[in-house]
């Protein structure tokens, strides 16, 4: 049987990006050995290193490589070296936002969970974190109040005013809700849709459309929750949630809250998808230039981003689960990088990558 081949554009970027990406490569190598899969991988410049080498944060050659690939595995961009540049020329705004726009990445997926043995890092009370949680926030990324028109400021003195417009079209709600329901089918089959339908017209439409779409997913349990209650319930009982479906602004709030209650940002991957399931996969954290090159960064978020890539863009669920299980095994065995080890001996970035790859091969 011939191996399935996937073409991956690998964009390590700046700061800790290259060293954590090297660990994702090790894990993908292990997946190739275990499964009938081959990854054709090419690395390309993005962010600050692209400014240094090409004069701009997102060279056309990088965009072309992404267009010719099945998915993009992204590291991190930015650092003090480029902060003097105009905002639109800086690595973050000049690379990530144009990539999202170019590929019409309307859906952001942010998993958040407490891994066994890491409960103490959560700011939640021990009896709450001890129950564990495993949530995926499905956030609409291109609509809503951040992009709705009109927006602006006018007037002066006491009559000066500013305004933004929350707009959602039926098709925007349908396509993001579809991803939430399909994600739930791969998990515990529960979707909680977050809105403010007691006040906002956009939320009333949101709820109506989600209810209609739910009829196509009779195996998935749908519930609704107002955003203000949802932020409280995440603190009180996060274990009740499986997939949380959110508009742009509500998802912005909820995904950051979910990240914080895990207590370990270095562990959190994210995915941004378009309608054809093409995606950009990246750690939720930043480029951490203060620890770059020291071989101490936690590579788990980058490795789990590769697992999301396998699941959502490539449809390789078994391989994705192998990576996630290997990460869980390493953490449960107390194999931790410096950000989590505390007083115990810490693994280096490279050692953590080696451990996780070995767990995959041994499974």
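One-based numbering along the chain as shown.
The backbone N, Cα and C atoms fix where each Cβ goes, and this holds for glycine too.
From the candidate list 110, 131, 153, the residue Swiss-Prot records in the substrate site shared with 100, 139, 228 is 110. According to DSSP, residue 139 (substrate binding site) sits within a strand segment.
It is 24 Å from the Cα atom of residue 79 (NAD(+) binding site) to that of residue 110 (substrate binding site). Residue with the densest Cβ environment among the recorded positions 100, 110, 139, 196: 139, by other Cβ atoms within 10 Å.
In this structure, of the binding-site residues 79, 87, 91, the smallest number of CB atoms within 10 A of the CB marks 87.
Here the Cβ of residue 288 (NAD(+) binding site) has 23 other Cβ atoms within 10 Å, regardless of which shown protein chain they belong to.
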